[in-house]
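Trainee: Sharing the feature lines straight out of TrEMBL:
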TRANSMEM  72-95  transmembrane segment
TRANSMEM  107-126  transmembrane segment
TRANSMEM  138-157  transmembrane segment
TRANSMEM  163-181  transmembrane segment
TRANSMEM  193-213  transmembrane segment
TRANSMEM  219-241  transmembrane segment
TRANSMEM  253-274  transmembrane segment
Amino acid sequence: MSSSIEFGGHIRPNNFILGTNNLQYPQENNVDQENPHNPENQNRGLINDKQFELEERVGFIRKVYGILFTQLGFTFTLCLYCKIRFCLTIILASYDPYFGAVVRHPASMILAIIGLIGSLCAMLVFQMTRKVPQNYIMLGLFTFSQTILVASITAYLTPRSVVLSILAFGFITFMLYLGALQIKSFENFLASSFLMLFVALILEILSIVFFFSDYSQPMMLLYSAAGIIIYGTYVIIDMYLIAKRLDVEDYILGALTLYVDLMSLFIHILRILGSKK
């Protein structure tokens, strides 16, 4: 049964409008675009997903390293500030008689350790790494506590050795970053790093055995070299996990783990290059 419509006073079949007679109207064919089973559409969707994941990962890496550079900048600035103030306190003790006592007082160390452990437990045990702004507050407390501990060490070293240690730390960290970029297979890297960790562990055990002997100074150098190897390996692992494995929501966790290993690396560098006044 055919139907018709009235058009300008004339009766015309509605298949004229549908374009099934000789009069055909060009229509855009969207069948392929709407067909999810089309291989071309599937490939296009995969490309878009990969591009989105890549952009998301790049943004995550920038955020982690931005937080990390803020932590390192604060730590080294306060260390150098304490170094300068401590020297001025020795020269002009009457102008600031309490600063040296505060730096050397055990209470400041104890409070820093409490803040360090408390903030770390809050972030890891109570899972505050993804809660804003609690994660930033706890990370700030952790960074400040760690900075106090590091500054208490640098306050007793010469300014030249502290600056030299910071420069050596920057160079080693940059080389470790270049090494992390060369990792193709994480499993192969772990297999090759076991040997380095084993050698470092032997050196550390020997340094503990001979700690109170006449060879304590050379063994302490070996201990520090072992620490640099161990934490250098940890830093490479952290950088790889941040670039490839870590979830994009764990930016605080990524900055925290990398900062801890870098500070441990810096302390071992201070053991080698730092010289007391």
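Cβ coordinates are placed from backbone N, Cα and C, and glycine is handled just like the others.
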Trainee: Report, as numbers and ranges, every residue of the chain located at least six residues beyond the transmembrane segment (163-181) whose Cβ falls under 8 Å of a Cβ in that stretch; write 'none' if there are none.
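Mentor: Same-chain residues near the transmembrane segment (163-181) but 6 or more away: 76, 80, 228, 232, 235-236, 239-240, 243, 262, 265-266, 269-270, 273-274.
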Trainee: Using Cβ atoms and a strict cutoff of less than 8 Å, what residues sit near the transmembrane segment (138-157) while being 6 or more residues removed from its termini?
Mentor: 67, 71, 74-75, 78-80, 82-83, 86, 103-104, 108-109, 111-116, 118-120, 122-123, 128, 252, 255-256, 259-260, 263, 266-267, 270, 274-277
